Amino acid sequence: ALPCPYGCPLRCCHMTDGVCLRNKQGC
């Protein structure tokens, strides 16, 4: 698992590759 970018809400974080899912609702 990779860390997500700073400021990315945990629910928006794709934990396996550390990508912030910015297109997800509420992100």
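Using N, Cα and C of the backbone, Cβ positions are placed for all residues, glycine too.
Small disclaimer: the values here were computed from a predicted structure and weren't measured.
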Disulfide-bonded cysteine for C27 as listed in Swiss-Prot, from C8, C12, C13: C12
Distance from C4 (disulfide bond) back to C20 (disulfide bond), taken between C-alpha atoms, in Å: 6
